[in-house]
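TrEMBL has this to say about the protein:
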DOMAIN    190-381  domain 'Glycosyltransferase 2-like'
TRANSMEM  43-72  transmembrane segment
TRANSMEM  368-388  transmembrane segment
TRANSMEM  400-426  transmembrane segment
TRANSMEM  481-501  transmembrane segment
TRANSMEM  507-530  transmembrane segment
Amino acid sequence: MDRFSTTTLLPETFQGTSDDVTEQIGVIWQQMKAPVIVPLLRLSVFLCLVMSVMLLAEKVYMAIVIVLVKLFGRAPHKRYRFEPISDDLELGNSAYPMVLIQIPMYNEREVYQLSIGAACGLSWPSDRIIIQVLDDSTDPVIMDLVQFECDRWASKGINMKYEIRDNRNGYKAGALKEGMKHGYVKDCDYVVIFDADFQPEPDFLWRTIPFLVHNPEIGLVQARWKFVNADECLMTRMQEMSLDYHFTVEQEVGSSTYAFFGFNGTAGVWRISALNEAGGWKDRTTVEDMDLAVRASLKGWKFVFLGDIRVKNELPSTLKAYRYQQHRWSCGPANLFRKMFKEIARNKKVNLWKKIHVIYSFFFVRKIVAHIVTFVFYCVVIPTTVLVPEVQIPKWGAVYIPSMITVLNAVGTPRSLHLLVFWILFENVMSLHRTKATFIGLLEAGRVNEWVVTEKLGDALKTKTAAKATKKPRFRIGERLHLLELGTGAYLFFCGCYDLAFGNNHYFIYLFLQALAFFTVGVGFVGTIVPHT
């Protein structure tokens, strides 16, 4: 049968060559398999199992903390003093602290009106609030639109400051740092940061500022995000599941135990003295918010997470925007860990347990191990064991631990439990880029400081879709095809076929589904497709 297949598919002149090459590949594979491939694969399995246990232990620990917080009612209002700020007949409005609102933006044509309007709608004495728009836009048309919007609100009596600079050094961190240098900021006690797509409710300041006023040890109050476009497509639903877990579990646990968590970069209120004591904004990584939070925590400042305050914002709904965002969010923490490890370990202002929490739990397990084990174990090691049956993975490592981790992750978004399988497959695909970005950050390689602003569509999608309703969108192959995903998908599909033909552990069911997920992302058939103009 083999001879028949060869002679049928290849001309006679190539038959000998084909048989020779196949035979040589088989010989090389057999010679390398026992002394090299099997030991390396066994080592990989062992390391992945260790990392899986570490990740599971972290998830279980956080789940226990959340249960205890709920049972014993350790809400922020009970852990810290909270009293509404009341009027003082003698002091008047001067009894209220001076608050600075910073809105950094860059070519935000679609959402600038939303964020500026929401900030101007905040309830607070008008002479005790300054709204500062930090416009780094490079498009003069958009700059004119933003400035016109600021002037419009200023004409209504809002204390509005429109600030620009002649370069984009430091990107967002650079803009925020420059914004703090203006003379009028010296009179401010607190600074609130909102990204260009964030829309706080009018009572935001009334619900956050009192924590800082009555508790001098608190340096940061962080609110939760609420996603206005979570139902736009399946990809945004997957993001909602991941981010809801981050807020409802990770941030809550950090706030309730060590009074430390990563600042989310927006929808948060900083005590300006804490910000200054920590050294202000630095642009040495792409996670300037996390950098500031770690430095402030090492100075002894406490953080509070308020999960009942939700600020509306937009999730990236195009695959391109989401990939850039995930690169920044994965590369930055790994690079910051590399830069701050010694500083954290040598710090004498915080106790040993908090240092262990920051180094091991916050950075190592959640920001490094989680990304690496997801891709290496589930997309490389498990498929490879199909080709090397001498290496076996225990069922508890291949099935039980992943299942438990998945269930614990799903508690953040109960409404999406029916999408759990899609979420698993999608997260495994995205782990390819997160792992790559993590190693770039650890090694400080090429794209370590790459900063691409996450594209916000606002109502642009509806407008473009309506305008293009009668036209067929142009297909740009270079933008839609992703070779890394396609290559990984092909490898998983090959391993699935091999397992179906020769294996007996039924991995092929998972491998075919995961390959399909990689192929789907590889051809760009994920997220919102915005018609080209």
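For all residues, glycine too, the Cβ spot is worked out from N, Cα and C.
Sequence-distant contacts of the transmembrane segment (481-501), counting only residues of its own chain at least 6 positions beyond either end whose CB sits under 8 Å from a CB of the stretch, comprise 379, 383-384, 386-387, 429, 432-433, 507-508, 511-512, 514-519, 521-524. Same-chain residues lying 6+ beyond the ends of the transmembrane segment (507-530) with a Cβ under 8 Å from its Cβ atoms: 232-236, 316-319, 322, 378-379, 382-383, 385-386, 421, 425-426, 428-429, 457, 460-461, 464, 473, 479-486, 488-490, 492-493, 495-497, 499-500. With a cut-off of 8 Å between Cβ atoms, the residues of this chain six or more beyond the transmembrane segment (400-426) that come close are 52-53, 55-56, 59-60, 62-63, 234-235, 237-238, 240-242, 244-249, 378, 513-514, 516-517, 521, 526. In this model, the domain 'Glycosyltransferase 2-like' (190-381) carries an average pLDDT of 96. Packing against the transmembrane segment (43-72) from elsewhere in the chain are residues 248-250, 252-253, 256-257, 361, 365-366, 369-370, 372-373, 376-377, 380-381, 385, 391, 393-394, 397, 401-402, 404-405, 408-409, 411: each is 6 or more residues past its ends and has a CB under 8 Å from a CB in it.
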